[in-house]
Amino acid sequence: MSETDERYWLLSKPSGIEKTHSPELQRNYPPSRVFSWLKAGWHDVYTDPWPSLLYGLMVSFISALLIYCLFEFNIDYILLPTLSGFLIMAPLLAMGLYQKSAKLARNEPVTLADLMGVKAASGGQVFFVGLMLSLLALVWIRAAVIVYALFYGYRAFPGIAESIPLIFGTPLGLAMLFTGVCVGGLFAAFGFAVSAFSVPMLLDRRTDALTAMGTSMALVWNNFPVMLAWGAVVLALVIVSIATALIGFIVIFPLLGHATWHAYRDMIGD
């Protein structure tokens with residue numbers, strides 16, 4: 001096997017990200033740039049809205065079904081880490097929305113079938129990114145259980161309703177909450193960095209999963225202020241969706257999905 005065979009590089013030579021800090025990847029966008037992405041995303045939702053809204057409805061329904069199953073099988077103690085894990089998996093779930101934005105940019109008609117039957121330019125490479133994100137979400141859920149055990153030992157989880165005063169009304173609960181937020185934040189930050197642009201890239205062009213994830217991380221690192229603002233916007237809108245009993249996902253998930261595609265096209269620079 002030749003050492004120059006680009007198929008075996010962690011980051012392929014054409015990616016241009018051999019160095020972590022690269023002027024070629026620095027866009028120097030202000031944090032307010034995220035609003036232009038949201039505006040473009042809303043335009044894609046508004047243009048032929050039914051495929052996007054039905055897509056959002058399916059995400060909302062599946063999310064509600066998952067939460068119902070957690071309570072039905074008495075594993076509601078992983079509710080909060082599961083909701084956090086949603087943030088990790090969301091870029092993969094939004095592939096159909098990226099497809100719609102790409103087709104609109106080419107002035108092609110869009111149907112719900114187009115959103116459901118996505119064919120990535122990179123083929124099965126998307127599977128590897130999905131596998132990595134799934135493992136990351138599962139590890140985070142396990143880590144959350146360990147955090148609870150570190151503070152409360154073998155004490156059984158009292159339930160969501162009973163745990164709220166326990167968490168917010170006691171020093172031990174607040175300490176556990178702080179620790180959980182810090183640990184979960186690390187998982188979410190890593191998941192955001194590797195998936196923010198890797199999934200759209202694999203849909204858009206033929207490349208390998210490691211190059212796509214490496215490019216995504218490098219773009220996030222080299223454009224930290226605007227990406228921090230984008231992450232904050234995503235988190236805020238997801239919280240709004242959860243606060244509306246997931247109904248908000250019907251509109252907010254398509255909005256974020258389309259906006260992510262425009263963020264990718266803007267940041268990738270071609």
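A Cβ is built for glycine as well, from the same backbone N, Cα and C atoms used for every other residue.
According to TrEMBL, the protein has these features:
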TRANSMEM  52-71  transmembrane segment
TRANSMEM  78-98  transmembrane segment
TRANSMEM  126-151  transmembrane segment
TRANSMEM  172-197  transmembrane segment
TRANSMEM  227-257  transmembrane segment
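Beyond its flanks by at least six residues, the transmembrane segment (227-257) meets 31-34, 37-38, 41-42, 45, 52-53, 55-57, 59-60, 63-64, 67, 83, 86-87, 90, 93-94, 96-98, 101, 189, 192, 196, 219-220, 263 of its own chain at Cβ-Cβ distances under 8 Å.
Only residues 6 or more beyond the boundaries of the transmembrane segment (78-98), in the same chain, are considered here, and those with a CB under 8 A from a CB of the stretch are 44, 52, 55, 59, 63, 66-67, 70, 114-116, 118, 120, 126, 129-130, 133-134, 136-138, 140-141, 143-145, 160, 180, 184, 187-188, 191-192, 195-196, 198-200, 203-204, 234-235, 238, 242, 253-254, 256-258, 260-261, 264.
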